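The transmembrane segment annotation in Swiss-Prot covers 21-41, 204-224, 258-278, 284-304, 317-337, 370-390. Residues or ranges marked as domain 'ABC transmembrane type-2' by Swiss-Prot: 161-396.
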Amino acid sequence: MKKSIWIAWKDVKIRITDRKGFMMLILMPLILTCILGAALGSVVDGGSRIDDIKVGYIQSDQSDTANMFTKDVLKKMKSIKVTKVGSKDKMKKLIDEKKIDVGIVIPNHWEAGKTSAVVNAAPDQTLKSSIIETAASSFIEQYKAVKEAASGSMDYISKTEAVKQGKLDPAQFAEKLAKTLEKETGDKLTIAEKSVGSKAVTSFQYYSAAMLCMFMLFHITVGAKSFLQEKDTETLARMLMTPAQKSVILFGKWLGTYLFAIIQFFIFLIVTINVFGVDWGGNLLLVSVLGLSYAAAVSGISMLLASCISDMKTADAIGGFGIQLLAVLGGSMLPLYQFPDVLQSVSKAVPNRWALDGFLSLMEGGGWADLQKPVLLFAAIGFCSLVIGIRRLHTR
């Protein structure tokens, strides 16, 4: 074990004194966090609060249902300001002039469900247009359900003895039922602005976690390249000639990568807390557990990669294109919620996505329950990659 620690410490000292490596893994993520957190604040922070939605409204359908949607849904929502518009051309002009955020047209026969509401908005108002579109579609779906429920109830009531004996007036009952259900339909639709967790994540928080997850990935190639460099300079061959077992030497190489990843993690954590004022959540112990397990995973993958490649060009290619691809898929470049469904599914196959989700959960007020899956996953990845990598390198 002492020999493994000695080998690990040797690698750590080499990487600390490497100015290029220090800039890449320590300073660069901090610089990018500062730039992205400030420049793209509207992309992330914009999702944590919805400003008042200015809606232009054209109502071609003059049915009671369409009137109820305007009166009991749109006009009762505090965050929506409704303006009646005379024509579609006027609506388009108001959208272009930024006087309204969203335009909605209720066409003829909307009540019957034969046509859908048409929602128009500027390209930068997709969230607000989605809210209005969802409100309209939810309302009409609830109205249909109410109508079917009322129809079914009346069919049942009309067959009862009370109606047959004249003790119950079906028309009066139907009127009361309709009013009650209509009121419920309008009252059910509200907009609640709420974070997924107990706290909302700011842009600096998001990109602090995102940059940390991305730059810790570089240890995959840094560890593999360190192994290849020592192989090319025959340093590894000289170490293998010593009485130390091969597995001890190889474990020491993994430990060196792991220790440097830990150093990077804690430096980044301390600087973002004290300089940028980033809140990583109420429990830094859980943040550390997640960071340490993620570091173990990327260090294990570095040994597996070292066992699969034999030249520096391949390592450089993976370090360039491969790591950037993982960073994009894992949400380090753009927030995950902006991904289409297909990429959302694909991103779950990369480790940095799990790490980012874990850090964000802690920032939102989550606890150990949110970390169990990623921590166990990273432990499994790190252990399996280390064992397979050492066995492959041992035979080589």
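From the backbone N, Cα and C atoms, a Cβ is placed for every residue, glycine too.
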Tell me whether the transmembrane segment (258-278) sits in contact with the transmembrane segment (21-41), defined here as at least 3 Cβ pairs under 8 Å among residues 6 or more apart in sequence.
yes
If we skip the immediate neighbours and take only residues 6+ beyond the ends of the transmembrane segment (284-304), which ones have a Cβ under 8 Å from one of its Cβ atoms?
212-213, 216-217, 219-224, 227, 250, 253-254, 257-258, 261-262, 265-266, 269, 351, 355, 358-359, 362, 367-368, 371, 374-375, 377-379, 381-386, 388-390, 392-393
